[in-house]
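K.L.:
For 74, 117, 119, 120, 247, the entry in TrEMBL reads Mg(2+) binding site.
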């Protein structure tokens with residue numbers, strides 16, 4: 001019976017099923033062949049039919065079940081009646097079996113803010129770099145990211161035509177993160193993951209200062225955090241404005257739940273209350289381990305250029 005579960009765990013269980021539905025929509029749009037691409041602010045800031053449909057699905061499904069939530073989505077969409085086939089009413093039963101961390105057991109629906117990126121890595125999606133794409137649903141309480149769901153619609157897509165596509169990772173602070181195998185970069189290796197399509201001098205200066213053994217340029221904040229938790233990269237460095245709260249909320253939870261750390265370039269925690277500005281103006285620095293090593297190498301010139 002739903003009432004025996006806490007609001008938070010019911011919300012996470014629903015978000016899991018809703019993210020899976022959004023992943024299905026993302027795959028379907030490509031299969032149908034018409035991406036419906038529009039430029040939002042510039043040639044690297046794109047929106048597709050998949051962004052629009054996935055956001056409508058996620059936000060409408062959440063709002064129906066949790067009408068008192070504050071939901072903030074990336075896409076600025078006109079209000080319209082949502083097709084019933086976009087609504088996901090299910091919830092992931094395995095999550096409901098997990099205990100809610102005691103500090104969150106009395107949270108009310110209206111105390112929570114949900115940050116939604118329906119398709120993180122849109123530019124890569126339009127270019128066929130499908131492993132960069134994620135669906136992100138992050139849940140915040142008192143300005144702090146506390147629970148999150150990441151769906152990878154195309155996980156496993158390079159395994160051949162018969163591969164089962166997609167996976168969903170989820171986490172709650174104080175409980176853990178699930179749906180993947182935690183792995184670390186070999187000791188002493190410094191592998192930086194950074195932006196593929198939003199590079200500039202600040203980003204380059206900051207990455208160079210880390211003295212990396214290797215630099216991975218990929219799309220999507222969700223994808224970069226997955227690289228950290230799966231041992232492909234040791235630090236995610238983005239010394240530039242451009243990343244938004246809906247990009248970082250869910251991935252931050254997954255990283256923090258396994259002992260990692262995500263901050264702005266100055267080392268400040270990101271805030272996720274509903275009144276906060278959406279832009280992460282002072283960039284992002286994230287690691288699974290050895291955060292202090294990377295933080296200590298951020299050049300002063302970079303810090304001075306990025307105002308929180």
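Note that Cβ sites are derived from N, Cα and C of the backbone, with glycine treated the same way.
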K.L.:
Just to be sure I understand the packing, how many Cβ atoms besides its own are within 10 Å of the Cβ of residue 120 (Mg(2+) binding site)?
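P.N.:
I get 27 for this one.
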K.L.:
Can you tell which of 74, 117, 119, 247 has the least company, meaning the fewest other C-beta atoms within 10 angstroms of its C-beta, among these binding-site residues?
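P.N.:
Ranked by other Cβ atoms within 10 Å, the binding-site residues 74, 117, 119, 247 bottom out at 74.
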K.L.:
Can you name every residue in this chain, apart from 74, 117, 119, 120, 247, with its Cβ inside 8 Å of the center of the Cβ atoms of the recorded Mg(2+) site?
P.N.:
51, 116, 118, 121, 122, 134, 135, 136, 220, 221, 222, 244, 246
